[in-house]
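Quick notes on the structure that follows.
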Amino acid sequence: MALIVGVTGGIGSGKSALTRYLEARGITVVDADVVAREVVEPGQPALAAIAEHFGQAILQADGTLDRAALRQKVFADPAQRRWLEELTHPLIGAAIQAQLAASRSAYTVLSSPLLLEGSQALLTELVVVVDVPPELQLERTMARDNNDEAQVKRIMAAQLDRQARLAKADIVIDNSGTLEDLEQQAEALHQRLLEKAKAEA
Ligand SMILES: CC(C)(COP(=O)(O)OP(=O)(O)OC[C@H]1O[C@@H](n2cnc3c(N)ncnc32)[C@H](O)[C@@H]1O)[C@@H](O)C(=O)NCCC(=O)NCCS
Ligand SMILES: Nc1ncnc2c1ncn2[C@@H]1O[C@H](COP(=O)(O)OP(=O)(O)OP(=O)(O)O)[C@@H](O)[C@H]1O
């Protein structure tokens, strides 16, 4: 079995910044957030189910999902979030497995904000946690997205807390420094994972 490495971290922790670096070195990255978008594209049964449940107003004029509107609804109401997760997570899980199986790179990364919350970590041999203090998570997410502080805090509250996530880490990447600091750690991680993949081949 080829080496599959999980990368996780809370919203805005820097998972994408890390995996972009690995991808640029030829590593296949399966990104759960990207897969989550694919399963609700127009024409997919999950989008029709969402429109039926939340009403047609959850769609934009072009028929695509109004993600900002759905974000508002599901992070304000845990029952609605669970409904959405019960619909989408099995579809996301199946698509992730297919994409992992198709990978031919030296090792393969599964990047997911919810790697440790459900069963996705079972697909991985090693868990890498990208860690930043919650204040920095909040600051970087607000600078990136069109989300107010309360909204980002609600999303953070729907995820594992920092200590619980760190307790499940095999490797921790500290992203509280600059992007250059992150790249140095990314290169060291890449070399370590190449060695491990070679040893297991
Ligand atoms: C609610 C939705 C439509 C909001 O879309 P939006 O474009 O605003 O955000 P995006 O999908 O890019 O997610 C941004 C971040 O929010 C966090 N997040 C998303 N879904 C969840 C969730 N169910 N629980 C906790 N955090 C979540 C993650 O940190 C993620 O990286 C979308 O997040 C969604 O469909 N979520 C349910 C599917 C899911 O659980 N995806 C997470 C990967 S499996
Ligand atoms: N070390 C850093 N210094 C400054 N900015 C950073 C650093 N690392 C990441 N960022 C920025 O912080 C924001 C969040 O990073 P990124 O998008 O990689 O996080 P993520 O974990 O993938 O988030 P999400 O769970 O929301 O998908 C981005 O705008 C990114 O450019």
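Count begins at 1; order follows the chain as displayed.
Each Cβ is built from the backbone N, Cα and C atoms, and glycine gets one as well.
TrEMBL has this to say about the protein:
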- G12, S13, G14, K15, S16, A17: ATP binding site (BINDING)
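Projection of TrEMBL feature records onto the structure.
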residue : record           : Cβ contacts under 8 Å, 6 or more apart
G12     : ATP binding site : V132, L136, Q137, L138, R140, T141, R144, V152
S13     : ATP binding site : V130, D131, V132, Q137, N175
G14     : ATP binding site : V130, V132, R140, I173, N175, L182
K15     : ATP binding site : V7, T8, G9, S111, P113, V130
S16     : ATP binding site : D31, S111
A17     : ATP binding site : N175, L179, L182
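Same-chain residues that are not part of G12, S13, G14, K15, S16, A17 yet have a Cβ within 8 Å of the Cβ center of the ATP site turn out to be G9, L18, V130, R140, N175. In the three-state DSSP assignment, the secondary structure recorded for G14 (ATP binding site) is coil.
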